[in-house]
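What follows is one structure encoded as structure tokens, with my remarks underneath.
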């Protein structure tokens with residue numbers, strides 16, 4: 001029996017998981033997505049082509065790899081089908097869980113209405129409907145992909161759902177969809193997606209028993225986890241390593257090596273606490289150097305320095321075996337590089353993540369910068385100050401930086 005390798009984000013998402021999944025997918029038979037929706041995105045550069053993936057696992061770019069979308073995902077059929085159109089020959093290479101929940105256009109309408117109602121207290125969601133779709137799942141009124149294979153049953157459920165929820169739609173000022181039109185839309189989705197829908201839990205057990213090499217990929221990052229993140233400024237799913245089990249039907253003994261992904265600095269999209277955010281010129285420089293604009297929304301990302309306190313928290317929560325440090329080259333040319341090494345909280349210095357990050361202040365340690373790391377493919381090729389920075393981060397978080405990325409290109413990756 002094999003064990004599945006796991007990739008998980010350690011910050012607030014957008015860490016660069018796509019490049020590492022693409023890199024590791026070259027040696028794996030299956031790549032499996034366990035949570036999230038199309039609010040998150042991977043950007044992968046191969047040669048002169050750039051791929052933006054939101055729902056399809058990154059293994060799709062390896063013609064030998066097969067791809068699984070697990071039951072922990074909420075899937076927008078419209079957006080998924082659009083994403084499928086980028087690729088040929090997906091049949092036999094793509095498997096969608098019949099237990100994954102369907103995200104429909106009215107979920108996005110509700111999401112956006114809620115954000116408007118909150119005013120300056122808005123969370124800053126992508127407005128894609130992820131929260132309402134997960135809300136329906138937890139409230140036991142959601143619709144699952146397997147129901148697309150049984151149109152009559154799905155139709156009766158949708159009619160009953162709208163009858164029950166009409167007062168909710170009216171109260172929020174959201175126009176309720178026309179039932180017949182929605183059912184016709186779903187029938188179109190069924191024709192495209194039906195060949196890919198199956199019991200992926202049974203598939204996962206089978207490929208583990210067959211000793212296949214399996215890679216599990218999450219979405220977003222630990223600090224956006226519904227339980228362990230900066231609640232309520234979080235996503236609605238489990239983004240940490242434990243979510244791979246519930247989101248794919250695995251047990252903890254099925255999990256092998258855990259690789260955590262982190263940038264050499266920090267970014268965040270949307271509202272919520274961000275202790276090491278730099279609101280000045282250096283934050284702007286990080287954003288420009290790193291092209292920090294959302295894959296899904298195009299929104300500029302908030303930028304700041306590496307937060308070693310939050311990183312230690314994430315490493316422990318996820319049981320990380322090694323860290324992949326991304327975008328080291330974005331720090332090229334800085335005279336000084338800061339790292340948040342502790343927080344000031346209620347008049348005291350602390351080295352852990354408290355209940356609420358809103359009121360903490362960062363305590364920084366400065367490191368000398370370097371001229372160039374871009375394109376380096378060997379650790380010894382890095383400037384001495386860059387190597388010292390990496391070794392210092394390792395000591396702070398208690399885990400080895402086993403992979404270091406020095407550009408968006410697939411080949412510009414250091415393996416230690």
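In case you wondered, yes, glycine gets a Cβ from its N, Cα and C as well.
Among the candidates 299, 312, 316, 377, the one that Swiss-Prot lists alongside 14, 15, 16, 17, 39, 40, 41, 42, 126, 140, 220, 235 as binding IMP is 299. In this structure the alpha carbons, written CA, of residue 16 (GTP binding site) and residue 299 (IMP binding site) are 17 Å apart. Of all Cβ atoms in the protein chains displayed, 22 besides its own lie within 10 Å of the Cβ of residue 301 (substrate binding site).
Among the recorded positions 14, 41, 42, the residue whose Cα lies closest in space to that of residue 328 (GTP binding site) is 14. The recorded positions 19, 42, 299 differ in how many other CB atoms lie within 10 Å of their CB, and the one with the most is 19. The binding residues for IMP are recorded as 14, 15, 16, 17, 39, 40, 41, 42, 126, 140, 220, 235, 299; their greatest pairwise CA distance is 34 Å.
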